């Protein structure tokens, strides 16, 4: 029986996908066996960033160069990523969590169910308060929606209460959370969600989760 959980992390360029994974791994790597697979079209920039900045050793981080549409590599033809998962499991048979970061994408990104057991979609306040109500599969179907960079709301004229209202309407009961990853605000809520809904720990919902 498979003992590890694959967590897909998607979202637009610059929303904070890599930052989220970097902060998460810093907090949980001492508690769980973790590995990361990143996707970039022509480079391994995200993998290199994580290698330099996360607490994970380099052999636990693998970069996949998709060479084309990032949608395809996580959905229609996930073979490169599935091979990367197999290689990571061969390296670390005890692995418990594998984060798979998609290439920067739009609001329609979704993971193949063969590739991700649960999905996190990251958007950010700097894109404007209208982003949640634009919908798209990433916002409406992901298991957890992360709305990052709350500290920028005053500078871009975004009303967080409007974003909360719209996200609640679009998500139809599915959880979402506001974060400021620069200061680790509500990072504990994301960790709590992973423990409860990915690792199936018998714990309460984090207080920072919104439904």
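The backbone N, Cα and C atoms fix where each Cβ goes, and this holds for glycine too.
Taken from Swiss-Prot, the feature GTP binding site applies to 11, 12, 13, 14, 15, 16, 17, 18. Within its own chain, residue 15 (GTP binding site) has 122, 123, 124, 127, 148, 149 as residues 6 or more apart in sequence whose C-beta sits under 8 angstroms from its own.
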So for residue 17 (GTP binding site), how many other CB atoms are inside 10 Å of its CB? 27
Compute the mean position of the Cβ atoms of 11, 12, 13, 14, 15, 16, 17, 18, which form the recorded GTP site, and then list in sequence order the other residues of that chain whose Cβ is within 8 Å of it. 19, 104, 122, 124, 148
